[in-house]
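TrEMBL lists 27-48, 60-79, 99-121, 142-164, 198-217, 238-261, 273-293 with the feature transmembrane segment. As annotated by TrEMBL, domain 'G-protein coupled receptors family 1 profile' applies to 42-293.
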Amino acid sequence: MADNSTRHCISSFFLVGVPGLQDLHCWIGIPVCLLFSLTLLGNSSIIVTVRLEPSLHQPMYFFLCMLAVNDVAMASSTAPKMLGIFWLDAHWTDFDMCLAQMYFIHTFCIAESALLVAMAFDRYVAICMPLRYTTILTTPTVSKMGLAGVTRAVLMVLPCPLLIKRLPCYTQDVINHAYCEHMAVVKLASADTRVNRAYGISVALSVMVLDLGLIATSYIKILQAVFRLSSQNARSKALGTCAAHVCTILVSYTPALFSFLTHRIGKKVPPSVHIIFASSYLLVPPAVNPLVYGVKTRQIRDRVIGLFFPKRKISEN
């Protein structure tokens with residue numbers, strides 16, 4: 001009875017940062033800041049370049065623009081708060097603000113996965129049905145695919161904060177994480193959280209299985225079409241158009257899969273390792289994607305140089 005009378009529900013959470021490495025927070029903030037800066041600079045360059053260059057108004061580059069916008073949003077939902085923790089000791093966050101951050105992070109992650117599927121389909125149509133490419137992937141179709149991916153993400157993640165809000169009380173306020181993540185918040189509840197856990201796992205598994213399955217199917221079809229080409233040069237050129245997308249898939253999914261597995265079955269993995277990987281899949285892909293497409297895609301590289309370094313372009317010509 002005494003316990004019940006003194007029990008109270010908390011209204012804010014304390015984000016630890018990286019457990020066990022608190023003394024290194026000021027140094028950990030440096031790569032976080034660099035990655036965030038690269039994200040803003042690189043993706044802004046992609047968006048501006050595609051917007052200003054009529055020759056890049058093609059489905060592949062429209063999807064790339066969508067990915068760039070999503071990457072900026074995903075990094076912006078995470079990095080500022082992390083930097084506040086690492087450099088300003090701003091550990092406390094309001095309960096509703098925590099749920100909002102959690103919602104946006106997971107929404108942008110699922111939207112990112114949907115865009116990678118759309119880009120895989122773009123490469124499939126370009127290589128397997130090149131004569132029908134412009135009739136299949138029209139501008140309205142590309143817009144609808146992007147909207148469908150965002151809508152799916154919004155609807156799939158929406159129950160997560162609502163299910164958390166239905167829980168009667170939180171009596172623990174310390175989150176051993178650098179940002180508000182679904183399972184980290186659910187673990188603090190003093191009520192039965194089986195529904196929350198089951199829904200969270202079902203969303204994560206369904207997105208990974210469905211999206212990776214669709215991407216794998218697209219690339220199986222692409223490889224079958226490529227190996228039917230008689231010219232080695234044609235094969236290399238066809239595969240070369242997929243190189244940037246494959247690199248993006250590896251950069252995006254590898255840390256995400258590791259984080260998902262360690263969070264649920266890797267109990268012997270140190271918390272600091274889990275937090276670093278969980279943060280890396282939100283910060284590294286948005287920073288690396290523009291570099292990958294800039295290096296692997298000549299059209300993007302040439303247009304960026306032409307827009308931002310016009311004198312160099314003239315001298316090269």
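In case you wondered, yes, glycine gets a Cβ from its N, Cα and C as well.
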Item to complete: Establish whether the number of Cβ pairs under 8 Å between the transmembrane segment (238-261) and the transmembrane segment (27-48) reaches at least three, counting only pairs separated by 6 or more residues.
Response: no
Worksheet item: What parts of the chain pack near the transmembrane segment (99-121), using Cβ distances under 8 Å and only residues at least 6 beyond its ends?
Response: 60, 63-64, 66-67, 70-71, 73-74, 77-78, 81, 93, 142, 145-146, 148-150, 152-154, 156-158, 160-161, 164-165, 179-182, 185, 203, 207-208, 211, 214-215, 218-219, 245, 248-249, 252, 256, 281-282, 285
Worksheet item: Other than its close neighbours in sequence, what residues sit by the transmembrane segment (273-293), given a CB gap under 8 Å and a spacing of at least six beyond its ends?
Response: 17-19, 32, 34-36, 38-39, 42-43, 45-46, 64, 67-68, 71-72, 74-75, 78-79, 82, 105, 109, 112, 176-179, 181, 244, 247-248, 251-252, 254-256, 258-259, 262-263, 266, 300
Worksheet, complete the sentence: Contact set of the transmembrane segment (198-217) with the rest of its chain, CB cutoff 8 A exclusive, min separation 6+ beyond the ends, reads 110, 113-114, 116-117, 120-121, 156-157, 159-160, 163, 182-183, 186, 249, 253, 257, 260, 264
Worksheet item: Mind checking which residues reach the transmembrane segment (60-79)? Cβ under 8 Å, same chain, six or more beyond either end.
Response: 32-33, 35-36, 39-40, 43-44, 46-47, 50-51, 101, 104-105, 108-109, 111-112, 115-116, 118-119, 122-123, 126, 139, 142, 145-146, 179, 248, 279, 282-283, 285-287, 289-290, 293, 299-300
